[in-house]
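Colleague: Have a look at this one before I ask anything.
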Amino acid sequence: MTRVAFIGLGNMGSGMAANQAKAGREVFAFDLSADAMARAKEQGMTPAASAADAVKDADIVITMLPAGSHVRDVYMSTILPNAPKDALLIDCSTIDVDSARTVARDASMQGFRAADAPVSGGTAAATGGTLTFMVGCREQDFAEIEDALKPMSKATIHAGDSGAGQAAKICNNMLLGISMIGVSEAFALAEGLGLDPQKFFDIASKASGQCWSLTSYCPWPGPVPAAPSNRDYEGGFAAAMMLKDLRLAQEAADISGAPTPLGSAAEALYSELVDRGHPNKDFSAILQMLRGRL
Ligand code: NAD
């Protein structure tokens, strides 16, 4: 039986790890939170006494942690010293490109195969096993990584070498943040001009303004019934998470020298939404801030 060590059983990790267990793999689970460990046991996983204990006999080690500092710490202090050298190491957290490359380089120097594999999709996709993974790894390791991720994924795409998965993730989410603000500004202007928002949606969704933020996730309540805008912007992709990704994009832009004036403006606007006390609202609530309602 394939043995999976899963470290980080939070909002995303608990559903992802449960899907590994459902696929018939033996999951050794570890989290600093006692509640998360109790939930893991209920979901058919083996709670490990420590992260070192979780990884010591693993075929696959998966991490789903908050940020780069956590991933670097867990890799350096626990995974690299304790995991078997033939274990496949996959970090699914969203972290900065430099941390991803550092961790992969150190892992590879010690003889491990390692990948960064951040995800697109929120907690519903984590629970449903329908995440999209963007993978940075050596070409020759990809097939095995794709197989390791299969119980949690609807699609797995090889983005390039180490760090390329994180690069793809932050570029995509920067684009998403910018496009959501663009759509929201257009609705706010349409409203200011006395144009019926539904009419604007009907026209723009069939014209050159069409994009995912408009037609799949419309920030104006009504035109897209499944969008969080119809439930007071609750239960979607939190503004604080969008801000985290926009900050990672800006750090990466500073380091690489890439010009991202709209990414920078998007970071400032989401920072304002969070500072106004709405970190948990769906990121499409930016429309209500622009309209002066939040
Ligand atoms: P979370 O805060 O709910 O979970 C993180 C878990 O890691 C917590 O349970 C925490 O106790 C645990 N943890 C922290 N340090 C640890 C350590 N040293 N050892 C063991 N466990 C430790 O976060 P989340 O929402 O599950 O997100 C995880 C990652 O996924 C983040 O990088 C996030 O950016 C990314 N992500 C989240 C979403 C989302 O919708 N929540 C979507 C895509 C990507």
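Our numbering is plain: 1 for the first residue shown, then up by one each step along the chain.
Just so you know, glycine gets a Cβ as well, placed from its N, Cα and C.
Whatever TrEMBL says is automated annotation, not expert-curated.
As annotated in TrEMBL:
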- K169: active site (ACT_SITE)
- 3-159: domain '6-phosphogluconate dehydrogenase NADP-binding' (DOMAIN)
- 163-290: domain '3-hydroxyisobutyrate dehydrogenase-like NAD-binding' (DOMAIN)
Colleague: With DSSP as the reference, give the number of residues of the domain '3-hydroxyisobutyrate dehydrogenase-like NAD-binding' (163-290) in helix, strand and coil.
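Modeller: Helix/strand/coil tally for the domain '3-hydroxyisobutyrate dehydrogenase-like NAD-binding' (163-290): 86 helix, 2 strand, 40 coil.
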Colleague: So if I draw a 10 Å sphere around the Cβ of K169 (active site), how many other Cβ atoms end up inside it?
Modeller: 27
Colleague: Could you please provide the mean pLDDT value for the domain '6-phosphogluconate dehydrogenase NADP-binding' (3-159)?
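Modeller: A mean pLDDT of 97 is what the predicted model shows over the domain '6-phosphogluconate dehydrogenase NADP-binding' (3-159).
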